[in-house]
Amino acid sequence: MDLSELERDNTGRCRLSSPVPPVCLKEPCVLGVDEAGRGPVLGPMVYAICYCPLSRLEDLEALKVADSKTLSESERDRLFAKMEEDGDFVGWALDVLSPNLISTSMLGRVKYNLNALSHDTATGLVQFALDQGVNVAQVFVDTVGLPETYQERLQQRFPGIEVTVKAKADALYPVVSAASICAKVARDQAVKNWKFVEKLQDLDTDYGSGYPNDPKTKAWLRKHVDPVFGFPQFVRFSWRTAQSILESEAEDVTWEDSETGNQEGPGKIKSYFSESPQTCPRLPHRYFQERGLESATVL
C-alpha cells in the first residue's frame with residue numbers, strides 16, 4: 001500500500017483507492033465500511049470501504065477474510081495482498097485522518113466530535129465509490145453510536161441503496177471484514193513509518209499498543225512531552241490521557257485579557273465624516289481580543 005502522500009504531509013487527511021474493477025461498474029455491488037484506530041491516543045484513524053459484485057460475494061468469502069482484530073499482522077498483510085491480486089472484482093478506498101486533524105476538530109471553537117467525524121468520513125467514502133461509478137446496491141457498516149440512528153441517517157443520504165448498520169458488523173459480514181483489513185493494514189503501516197516533523201531527542205518508537213490505558217503508551221507520552229510545546233503531532237492531544245499528562249508535566253500558561261481601554265460605543269454617524277480626529281481609540285479585531293493577543297511593542 002502506497003502511503004507516500006501521507007508521509008509527505010501527515011498533518012491533515014489523505015485518500016487512497018484501488019482502481020475500480022470494470023465489473024463493479026456494471027453489476028450491482030455490496031460495499032462494507034469499517035475503521036481502524038478510533039480509540040488510540042497515538043497515530044491516525046483510518047476509515048475504509050471494500051466492495052465487490054453481489055455475484056462474486058462467495059469468492060470474497062473464500063479468501064477467509066475476518067475481523068482484523070482477530071488476525072495477526074502477517075495474516076492481515078497476506079489477505080490484503082490477496083485482495084489486491086483479485087482486483088478484477090474487489091475494490092477498496094480509504095481515508096487516513098491524522099491525529100492533528102482529529103484533535104483540532106474536537107477542540108475547535110465549533111466542536112466536531114469523533115462520532116460526527118466518523119459518520120461524515122464513512123458517508124464521504126460511500127459517496128466517493130458512487131462518484132467513481134461503482135454500482136452500489138447494498139451497504140453494510142460497523143456502527144459508531146446507536147446503529148438505528150446511524151442507519152436512518154445513511155438511508156436518508158442514500159435512498160436508492162439498501163443500508164444495514166450493525167454492531168460487530170466486521171465479524172458478521174465478509175465485505176465489512178475486508179474493509180476492516182484494509183483499514184488496519186493502512187494504519188499499521190502509517191504508524192510504523194510515521195515521519196516526525198519535530199526534532200525529538202532519543203526518539204523511542206516502541207509506543208506500545210497506542211491505547212490510553214497501556215502503561216507503555218503512557219510512559220512514551222511522558223517521555224516525549226515538551227514542557228512548553230506539548231506533544232508531537234503523532235499524539236491526539238484532545239484525548240483525556242494526553243491532557244492529564246500535559247497538566248502534570250508541562251508548564252502552566254496564563255492567558256491574560258488584553259487591555260482594551262475605554263470601550264465606548266460608536267459615535268454618531270456624522271462623526272465618521274468629521275475632519276477632527278476621533279477621540280475614541282480603535283479597538284483591535286475581535287479575533288485578537290478573544291485570544292488575548294496584542295501588538296508587541298518590545299522584543
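Cβ coordinates come from backbone N, Cα and C, glycine included.
What TrEMBL records for this protein:
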{"type": "DOMAIN", "residues": "28-251", "note": "domain 'RNase H type-2'"}
{"type": "BINDING", "residues": "Asp34, Glu35, Asp142", "note": "divalent metal cation binding site"}
{"type": "REGION", "residues": "250-278", "note": "region 'Disordered'"}
{"type": "COMPBIAS", "residues": "250-259", "note": "compositional bias 'Acidic residues'"}
Exercise. In sequence order, which same-chain residues at least six apart have a C-beta under 8 angstroms from Asp142 (divalent metal cation binding site)?
Worked result: Val33, Asp34, Glu35, Val165, Lys166, Ala167, Lys168, Ala169, Asp170, Val176, Ser180
Problem set entry | Most crowded position, judged by CB atoms within 10 A, among Asp34, Glu35 as binding-site residues | Asp34
